[in-house]
Amino acid sequence: SLVTYIRLRGLSVNQKVQMAVFAMFLTFYVLTLIGNILIVITIIYDRRLHTPMYFFLSNLSFIDVCHSTVTVPKMLIDTWSEEKLISFDACVTQMFFLHLFACTEIFLLTIMAYDRYVAICKPLQYMTLMNWKVCVLLAVALWTGGTIHSIALTSLTIKLPYCGPDEIDNFFCDVPQVIKLACTDTHIIEILIVSNSGLISVVCFVVLVVSYAVILVSLRQQLSEGRRKALSTCAAHLTVVTLFLGHCIFIYSRPSTSLPEDKVVAVFFTAVTPLLNPIIYTLRNEDMKNALNNLMGRLEGR
């Protein structure tokens, strides 16, 4: 590759706007770290939350911390820099971990929907179908799947010749933007990206929608109190799914063409959704709120 550094345009060239963006993203990032780490600590601390649902929720919080950390710190540093440079190797590394955590989260959200389906539709078989051995195997499978996906996309990208241009109209490196810098025809690569990332996003989204549709039909036959709690949990899951998979379908299910909405969607994908996840899961979950209150009470007692 003849391109050793890549310029990132960022979100704006206006200095005042950049300062506002810095303050906003710094706030989002700090709250993301605090919220998600607090969820993980609470789940580990409270034995009542040692269930498959909260095991997967702690994985989701961990992934959100990692996912946000891949892009946001670099963007915060770049707001104080005029050039906003990133080395080609660092760009490839950022792409690898971005897709690793994104794809792993997609698989995790799908597994969480399956977990809710079994809990609501087959409650008597729940502890058999979702025992700890199964949960650990599912966790290993989703991380393995995310790793394979990320290696495949990164390998397709780094094999291309790069001899200019060297500028990306975004605040982080992603495969669709980077391959446009290649000085060769990338039509086949774009098809492979759509058939890989796009297909994973669409298929998982369809599976999730069907799962929740089955759950809603099943809830009609349950008692009102159980139905209310189950609906609250499913509504939280469905909100996260819509926010996260909406971005993936929008970006990776079409050719690598730039649209004005791309940056807005990227902001939600990297900074807003990881922040909303702990809010959605704690504000709509009585067990989680009680566990957090108990943890805070213990800490204040010390």
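For all residues, glycine too, the Cβ spot is worked out from N, Cα and C.
TrEMBL annotations: computationally assigned, not manually curated.
As recorded in TrEMBL:
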type: TRANSMEM; residues: 20-45; note: transmembrane segment
type: DOMAIN; residues: 35-281; note: domain 'G-protein coupled receptors family 1 profile'
type: TRANSMEM; residues: 54-76; note: transmembrane segment
type: TRANSMEM; residues: 96-114; note: transmembrane segment
type: TRANSMEM; residues: 134-152; note: transmembrane segment
type: TRANSMEM; residues: 199-219; note: transmembrane segment
type: TRANSMEM; residues: 231-252; note: transmembrane segment
type: TRANSMEM; residues: 264-283; note: transmembrane segment
Next on the checklist: With contact taken as 3 or more Cβ pairs under 8 angstroms (pairs 6 or more apart in sequence), are the transmembrane segment (20-45) and the transmembrane segment (264-283) in contact?
Outcome noted: yes
Item to check | Segment-segment contact (the transmembrane segment (264-283); the transmembrane segment (54-76)) at 3 or more Cβ pairs under 8 Å | outcome: yes
Checklist entry - What stretch, picked from 54-76, 199-219, 231-252, has the most CB pairs under 8 A with the transmembrane segment (134-152)? => result 54-76
Checklist outcome for this item: Confidence over the domain 'G-protein coupled receptors family 1 profile' (35-281), expressed as mean pLDDT on the 0 to 100 scale, is 84
Item to check | Cβ-Cβ under 8 Å with the transmembrane segment (199-219): same-chain residues at least 6 beyond its ends | outcome: 103, 106-107, 109-110, 113-114, 116-117, 120-121, 149, 227, 230-231, 234, 237-238, 241, 245, 248-249, 252-253
